[in-house]
C-alpha cells in the first residue's frame, strides 16, 4: 500500500495506493532436485529500512511543535513521535508536508525541479502505521519465499525496479497529489510470481490451482485500486514491470536438468532451458526496455498521459453516487 495526498485539497486527503496482496509465495509443487535454498536477508533488511524511515519521518514531523487546525496530536505520550490528528491523517502518521520534504513523489518537483530521485525515495516512505503494517506484512509473506528460491540479487532487483516502474506510471497520470509507499514494488513481486509460474510451467505440479489462486489475488488487489483515494497506477506500473522482469530473471532449468547430470553425455538434454523460455525472456526484455524508455521520456518531457488515454483514469478511480474522483 502506498499513499497519495491531494495537493489541491490542502494536503489532508490521504490516498493509499491500495490494499496489498497479503499472500505468501505459493508452493507449486516443484519437483526438480539439486537446487539449494537461499537464506533470506535482503527482504528483512528492506522491512527494517522501511520501519526506520517511518520513525525518521515521525521525528522530523514533530506534531506537538506545530499548531494544527485539525485538532490535537494522537498518542501524545510518544511526544515528538506522536501522530497527526485523525482528521488530517487517519492512517496514524506524519503530515503531507513532512512526507514531501523527505522525498515523496510529486510530479512538479520531478519534472520541473529535476528531482528524479523522488521516483525511488517515495517507495521507502509511508503515510502511517496502518499503511506501513499492511505493506510490510505483504513484503514478508511474498518476498521471503521468493528470496529463498531465487536469491537476494534477483529479488532485490525486481523489487526496486518495479517500485520505479510504479512511480513512473503514477507520475504520468497523477499530477495534483504526492505519493508514498512500496505498493509498486510489492505488486512487482506479484507480477514476477505470475511470470515465473508461466515460464517454468513444465517443472511444477499443482500449477493450474496455483495459477487460478494467484490470478484471483492479483485481480482482487487491482480491483481495490479503483476505489477513491487509491493510486492504482502505481499498482499497475509495478505489476507490469515485475511481470516482464520475472520472465528474464526467474527462469529455472528445464524439467529433469539437475537429475540428468548423472546420466551419460548422449542421454543428457541438449539445452539447460526450453526454447519457449528463451523466447519469452527475449520478448519480455524488449518490452521492458521499450516501456521504460517511452515512460521516462514522456515523464521528463512533461507530457500528460491522460491526454493520450482519456479512459485510463478509470483504472485508478471509478466515480459513483457515493464519491467523486479528483485529478
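A Cβ is built for glycine as well, from the same backbone N, Cα and C atoms used for every other residue.
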Matching range for TrEMBL feature annotation, transmembrane segment, among 88-107, 208-227: 208-227
Per TrEMBL, the range holding transmembrane segment, considering 13-32, 233-252: 233-252
Tally of DSSP helical, extended and coil residues in the domain 'Peptidase S54 rhomboid' (114-250): 107 helix, 6 strand, 24 coil
When counting Cβ pairs under 8 Å to the transmembrane segment (123-144), the leader among 156-174, 180-201, 273-300: 180-201
Candidates 208-227, 233-252, 273-300; stretch with most C-beta pairs under 8 Å toward the transmembrane segment (156-174): 233-252
Same-chain residue ranges lying at least 6 outside the transmembrane segment (273-300) that approach it to Cβ under 8 Å: 110-111, 116, 165, 168-169, 171-172, 195, 198-200, 202, 240-241, 243-248, 251, 253-254
For the transmembrane segment (233-252), sequence-distant contacts whose Cβ falls under 8 Å of one of its Cβ atoms, 6 or more beyond its ends: 2, 17-18, 32, 35, 150, 154, 157-158, 161-170, 172-174, 179, 181, 183-196, 198-200, 203, 218, 221-222, 225, 273, 277, 280-281, 283-285, 287-288, 291-292, 315-316
